[in-house]
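**Student:** One structure, pasted below without further comment.
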Amino acid sequence: MKKLQHQLADNKRNGKALLATNFYNFETLSSVLMAAKSLNTPIILQLSESSIQYMGLSVSKKIATAAIEQYGVEAWIHLDHGNDINLVKSCIDAGFDSVMIDASEKSFEENIRITREIVEYASGYDINVEAELGYISKLGQEQKMIFTQPQEAKAFVDATGINALAIAVGSAHGFYKETPKLQLDLIQQINQATTAALVLHGSSGIPHDQLKESIKRGITKINLATEIKNTFMKGLKNYLAHSDEIDLRQVFPVATNQAKELVMEKLKVIAFN
Ligand code: 13P
Ligand code: ZN
Ligand code: NA
């Protein structure tokens, strides 16, 4: 299998993108892998720090590795939004294919220093390193939009040596109150200014035509989390409202399948663009 950093570099050259899906437990991991399997597309499996806390580092990494093998899918394991330097290093040691060091809330200089430390740590491992420049807010929090600037992005990528760069171009984590409007020209400018493969965070709630257009402008990896969680939990609550089944192995597959359908829909938009 190709290293993720090489696949993303190819994507940058060819105007293609990979879907990166967060998973939270065995069920959502299965949803994502079943979707990738049925469409025969590669996929990135992401673990956030809180999902790692929930399952434990060893279990979450090993369950993903084992499931990838069992499903026979081409997939990479990635740490999403690593804020804790020691956890990022532990994930690298544990054999992740890719990590994100997120020091985007720090000053430009501090972000460079912290990101460089991880790039250096990762240099012996031949993995993908993603960092963030600008600030991609969480919806529900105070709206703070600091768009990434092309020349700053270039300076940041050159100073850190990262492969992949998460950019703030009008998306936000979680659902949107109003339909978001991605800064498509800005994506194109950042893509031309930097050598890094560009990552779009916060894709839940972004209209599919905008996702397709963002790929044309240079996005190579699109992160999806909230819609997976939401679809799974809605499916689960709906099932439980109409059933008093207590065998969880009968209950979960309904929700697992609904999340699978969602991921298939997203893969058709993103991976077949
Ligand atoms: P959403 O929750 O909006 O899909 O964002 C996902 C994300 O960016 C994970 O890093
Ligand atoms: Zn994100
Ligand atoms: Na979102």
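The backbone N, Cα and C atoms fix where each Cβ goes, and this holds for glycine too.
TrEMBL annotations: computationally assigned, not manually curated.
The active site, proton donor annotation in TrEMBL covers Asp80. If you look up TrEMBL, you'll see His81, His173, His201 marked as Zn(2+) 1 binding site. The Zn(2+) 2 binding site annotation in TrEMBL covers Asp102, Glu132. If you look up TrEMBL, you'll see Gly174, Gly202, Ser203, Ser204, Asn223, Leu224, Ala225, Thr226 marked as dihydroxyacetone phosphate binding site.
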**Student:** Neighbourhood of the dihydroxyacetone phosphate site (Gly174, Gly202, Ser203, Ser204, Asn223, Leu224, Ala225, Thr226): other residues with Cβ within 8 Å of the Cβ centroid, in order?
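**Tutor:** Other same-chain residues with Cβ inside the cutoff are Asn22, His173, His201, Gly205, Glu227.
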**Student:** What's the CA to CA span in angstrom from Asp102 (Zn(2+) 2 binding site) over to Ser204 (dihydroxyacetone phosphate binding site)?
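**Tutor:** About 20 Å separate the Cα atoms of these two residues.
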**Student:** Of Asp80, His81, Asp102, His201, Leu224, Ala225, listed as recorded positions, which ones have a Cβ less than 6 Å away from ligand 3?
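**Tutor:** Cβ under 6 Å from ligand 3: none.
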**Student:** List, in sequence order, the same-chain residues at least six positions removed whose CB sits under 8 Å from that of the residue listed as 'active site, proton donor'?
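**Tutor:** Expected: Ala20, Asn22, Gln46, Leu47, Ser48, Met100, Asn223, Ala225.
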**Student:** When DSSP is mapped onto helix/strand/coil, what comes out for Thr226 (dihydroxyacetone phosphate binding site)?
**Tutor:** helix
**Student:** Please list, in sequence order, those binding-site residues from Asp102, Glu132, Ser204, Leu224, Thr226 with the Cβ less than 6 Å from ligand 1.
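**Tutor:** The binding-site residues passing the 6 Å Cβ test are Ser204, Leu224, Thr226.
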**Student:** Can you tell me which binding-site residues out of His81, Glu132, His173, His201 are within 10 A of Thr226 (dihydroxyacetone phosphate binding site) by Cα, answering none if there aren't any?
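**Tutor:** Near Thr226 (dihydroxyacetone phosphate binding site), where near means Cα within 10 Å, the binding-site residues are His173.
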**Student:** Taking only the Cα atoms, work out how far Leu224 (dihydroxyacetone phosphate binding site) lies from His201 (Zn(2+) 1 binding site), in Å, as a whole number.
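**Tutor:** One finds 7 Å between the Cα atoms of these residues.
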**Student:** Cβ within 8 Å of the Zn(2+) 1 site centroid (His81, His173, His201 excluded): which residues?
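**Tutor:** Those within range, site residues removed, are Asp80, Asp102, Ile136, Lys138, Ala166, Gly202, Asn223, Ala225.
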**Student:** From the Cα of Glu132 (Zn(2+) 2 binding site) across to the Cα of Gly202 (dihydroxyacetone phosphate binding site), what is the distance in angstrom?
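**Tutor:** Per the Cα atoms, Gly202 (dihydroxyacetone phosphate binding site) and Glu132 (Zn(2+) 2 binding site) stand 13 Å apart.
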**Student:** Work out the three-state DSSP category of His173 (Zn(2+) 1 binding site).
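**Tutor:** In three-state terms, His173 (Zn(2+) 1 binding site) counts as strand.
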**Student:** Cβ under 6 Å from an atom of ligand 2: which of these binding-site residues qualify? The list is Gly174, Ser204, Asn223, Leu224, Ala225.
**Tutor:** Asn223
**Student:** Taking each of the binding-site residues His81, His173, His201 in turn and counting other Cβ atoms within 10 Å of its Cβ, which one has the fewest?
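**Tutor:** Looking at the binding-site residues His81, His173, His201, the Cβ with the fewest others within 10 Å is that of His173.
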